[in-house]
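**Q** Dropping the structure in here first, questions after.
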Amino acid sequence: MLKINNDTKLFGVLGENIPYTLSPAIHNYAFQRLGINAVYLRFDVRRDKFHSIIIGLLNIASGLNVTIPYKEDVVKYLYGVSEEARVIGAVNTIHNLNGYNTDYIAIYNLIKEKLIDKPSICTVFGAGGAGRASIYALLKLGCEVYVINRSLERAQSLEKDFKEFGYDIKIISSCKPGDIIVNATPNSSYVPDECIKGKLVVDLVYNPVKTPLILKAEKTGIRSINGLEILVRQAMEAERIWFGKSLSDEEVVKFLYARKLVR
């Protein structure tokens, strides 16, 4: 049972329309297991209230996570951002008024752990904050990156942003045969069946864990990384930024299943 007192530190996740978020469950469990006197709350904030709320939270919170749709908006309120957050143009973790992108760290490390051979051609579906983090991870792994997005204008804006940092990505309208497919959209069905090929499929959707995309990858014998793996890894990366320590991914996943918070 959490006991709140004058020394209890405040953490939380800031987004809009996020009643589904598992972040409070994950981090409050981690605080308890790590012996940290802190509480983690959900801040579901409308766009017209964002400015006043973020200023208030940055003054009173010891650390924050940021999710849809504010990962890019929050950057201008910070003193500084890490190299990966600067290139990606999106922040999902804040500590001491500095911004980080643990989505990128999680995706990069999980792909590196899953693949033996260096990937060459990779396709990302989605050009939002998660798409940007995925693209940067693939670029740092040595991939030639192709992007498919419903909004051509947004995809071209992303292409321009990465080019400013010396990275070339290509916008395409249909799948290109390659090593890795990443779904960075909220809908795993956005990836056509004919695209599910290669060495690895990554789906950032985490509930259900076994999305249609992950199930199809497993059926065809392709290795996969599901959204829950990414969610938990990025959360533990945030814990390491805040406290210099974290739980194992396996323990957190086991906790979420035991509490029936994922299926």
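Positions of Cβ are set from backbone N, Cα and C atoms, glycine also.
Note that this is a predicted model, so its numbers are computed, not measured.
So Swiss-Prot has the following annotated:
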BINDING   T21, L22, S23, T67, N92, D103, Y206  shikimate binding site
ACT_SITE  K71  active site, proton acceptor
BINDING   E83, G126, A127, G128, G129, A130, L204, G227  NADP(+) binding site
**Q** Work out how many Å separate A130 (NADP(+) binding site) and N92 (shikimate binding site) at their Cα atoms, rounded off.
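**A** Rounded to the nearest whole number, the Cα-Cα distance is 10 Å.
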**Q** Through the lens of DSSP with three states only, how would you label G126 (NADP(+) binding site)?
**A** coil
**Q** Determine the most Cβ-crowded residue among the binding-site residues T21, S23, T67, using a 10 Å radius around each Cβ and all protein chains in the structure.
**A** S23
**Q** For the binding-site residues listed here (G126, G128, G129, G227), tell me which residue's CB has the most neighbouring CB atoms inside 10 Å.
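**A** Compared across G126, G128, G129, G227, the most Cβ atoms within 10 Å surround G126.
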**Q** Setting T21, L22, S23, T67, N92, D103, Y206 aside, what same-chain residues sit with their Cβ within 8 Å of the center of the Cβ atoms that define the shikimate site, listed in sequence order?
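**A** Not counting the recorded site residues, we get V13, N65, L231, Q234, A235.
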**Q** Please report the three-state DSSP label of G227 (NADP(+) binding site).
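**A** Where G227 (NADP(+) binding site) sits, the three-state DSSP reduction gives helix.
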**Q** From the recorded positions T21, L22, K71, N92, D103, pick the residue whose C-alpha lies nearest to the C-alpha of G129 (NADP(+) binding site).
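**A** Of the recorded positions T21, L22, K71, N92, D103, K71 has its Cα closest to that of G129 (NADP(+) binding site).
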**Q** Counting other Cβ atoms within 10 Å, pick out the least crowded of the binding-site residues E83, D103.
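**A** Sparsest of the binding-site residues E83, D103 by Cβ contacts within 10 Å: E83.
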**Q** Can you name the residues of this chain that are 6 or more positions from Y206 (shikimate binding site) yet have a C-beta less than 8 Å from its C-beta?
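**A** Counting only residues 6 or more apart in sequence, the Cβ neighbours of Y206 (shikimate binding site) under 8 Å are L22, N226, G227, L228, I230, L231, V262.
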**Q** Whole-number Å only: compute the distance from the Cα of T67 (shikimate binding site) to the Cα of G128 (NADP(+) binding site).
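**A** About 11 Å separate the Cα atoms of these two residues.
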**Q** Distance check, please: Cα of G126 (NADP(+) binding site) against Cα of N92 (shikimate binding site), rounded to an integer number of angstrom.
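**A** Per the Cα atoms, G126 (NADP(+) binding site) and N92 (shikimate binding site) stand 17 Å apart.
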